[in-house]
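> For 1-25, the entry in Swiss-Prot reads signal peptide, with the evidence type sequence analysis. The topological domain 'Extracellular' annotation in Swiss-Prot covers 26-183, 237-258, and the record cites sequence analysis as its basis. If you look up Swiss-Prot, you'll see ASN162 marked as N-linked glycosylation site, on the strength of sequence analysis. The feature transmembrane segment is assigned by Swiss-Prot to 184-204, 216-236, 259-279, with sequence analysis given as support. Under the heading topological domain 'Cytoplasmic', Swiss-Prot lists 205-215, 280-301.
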Amino acid sequence: MEKRALVTAISLSMSLLALMLLVTAIFTDHWYETDTRRHKENCDQYGSESNDQKNREMPIYHLPLVDSGNAKRNLALMKPIHVGSREEELLENWRAILGMGILETECGRPLFSTYSGLWRKCYFQGMDRDIDKLILKGIAERCTSVKYHFSQPIRLRNIPLNLTRTIQQDEWHLLHLRRITAGFLGMAAAVMLCGSIVAAVGFFWEESLTQHVSGLLFLMAGIFCTISLCTYAASVSYDLSRNPPFIYGLPSDVDHGYGWSIFCAWVSLGLTVASGCICTTYPFLSRTKALRSKTARESSV
């Protein structure tokens with residue numbers, strides 16, 4: 001009984017630690033990070049003859065493709081849009097941007113260091129003076145929400161029909177991947193909490209049964225967590241390979257990778273699976289040992 005209680009206590013401690021790490025991962029924003037400092041240094045060093053890096057603080061305007069004769073409409077189209085704005089605004093003005101020669105080179109697209117999680121995408125503070133100035137002036141926002149709902153892209157009127165359809169389909173698939181990631185992470189946390197409660201109840205009632213049930217719940221939570229983490233990795237790869245590449249892709253000298261939040265999620269997965277294996281295998285091992293000792297006593301008699 002003492003060994004069984006010790007095993008239950010160890011598995012319960014591991015599951016609670018795993019739950020804390022998973023909740024930390026869910027509510028923090030360092031799942032994926034990009035560092036553009038090396039890209040900026042290369043552009044400043046090798047692209048000094050061009051005006052590429054000046055575009056980081058230069059506003060772009062809606063340029064009408066055809067003069068419709070409507071002065072009010074043309075004036076409305078001249079609203080300034082910064083090149084570091086959201087992807088939808090860059091897509092809106094993609095022809096004007098290409099016409100100005102801003103995206104002819106990799107240095108023409110202004111890139112800033114970012115970190116993102118399940119709910120927000122933010123710019124690093126204090127890493128790039130340009131984006132800090134833009135945020136201070138109110139031109140850019142420090143953080144933007146990650147979309148989990150599909151909205152009709154009414155701003156894509158300046159884009160060819162085939163490219164518009166491609167963007168819409170990619171957006172739809174990406175939203176599905178995001179929903180799967182968030183949904184399975186939520187289920188993993190809920191099942192893990194239920195398993196911890198069942199394991200705690202095992203100290204007072206039917207320890208063998210509750211230990212087995214909690215182990216199965218921990219393994220189920222591990223499956224959910226594995227699905228969500230793999231889906232998140234797929235969504236990141238899918239997002240970086242979207243069209244048009246000058247909006248969604250990253251140059252080769254931009255450092256990007258997973259952050260400490262997803263590391264917490266992977267550690268949580270390991271602890272969850274370990275506690276589940278302990279809780280499910282120990283009852284079988286103890287039962288087998290008891291049967292062997294009983295058989296040995298009967299044979300000796």
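Note: Cβ is positioned from N, Cα and C throughout, glycine not excepted.
For the listed features, I'd like the structural context: burial, neighbours, distances.
Taking Cβ pairs closer than 8 Å, the signal peptide (1-25) reaches residues 31, 185, 188-189, 192-193, 195-196, 199-200, 202-203, 207-208, 211, 214-215, 218, 225, 261-262, 264-265, 267-269, 271-272, 274-276, 278-279, 282, 286 in its own chain, all 6 or more past its ends.
For the topological domain 'Extracellular' (26-183), the mean pLDDT of the prediction comes to 70.
Neighbour count (other Cβ atoms within 10 Å of the Cβ, all protein chains): 8 for ASN162 (N-linked glycosylation site).
For the transmembrane segment (184-204), the list of distant contacts is 5, 8, 11-12, 15-16, 18-19, 22-23, 25-26, 118, 210-211, 213-215, 217-218, 220-222, 224-225, 227-228, 231, 265, 272, 276, 279: same-chain residues at least six beyond its ends, Cβ to Cβ under 8 Å.
When DSSP labels each residue, the topological domain 'Cytoplasmic' (205-215) comes out as 9 helix, 0 strand, 2 coil, counted as helix, strand and coil in that order.
Residues 11, 15, 22, 31-32, 174, 177-178, 180-185, 187-189, 191-192, 194-195, 198, 262, 265-266, 268-269, 272-273, 275-277, 279-280 of the same chain lie 6+ residues outside the transmembrane segment (216-236) yet bring a C-beta within less than 8 angstroms of a C-beta in it.
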> For the topological domain 'Cytoplasmic' (205-215), give me same-chain residues lying six or more residues beyond its boundaries with a C-beta closer than 8 angstroms to one of its C-beta atoms, as numbers and ranges.
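Apart from its flanks, the topological domain 'Cytoplasmic' (205-215) reaches 1, 4-5, 7-8, 11-12, 15, 195-196, 198-199, 275-283.
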> Indicate whether ASN162 (N-linked glycosylation site) is helix, strand or coil by DSSP.
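Assignment for ASN162 (N-linked glycosylation site) reads helix.
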> Kindly report the helix/strand/coil residue split of the topological domain 'Extracellular' (237-258) according to DSSP, in that order.
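Within the topological domain 'Extracellular' (237-258) the tally stands at 8 helix, 4 strand, 10 coil.
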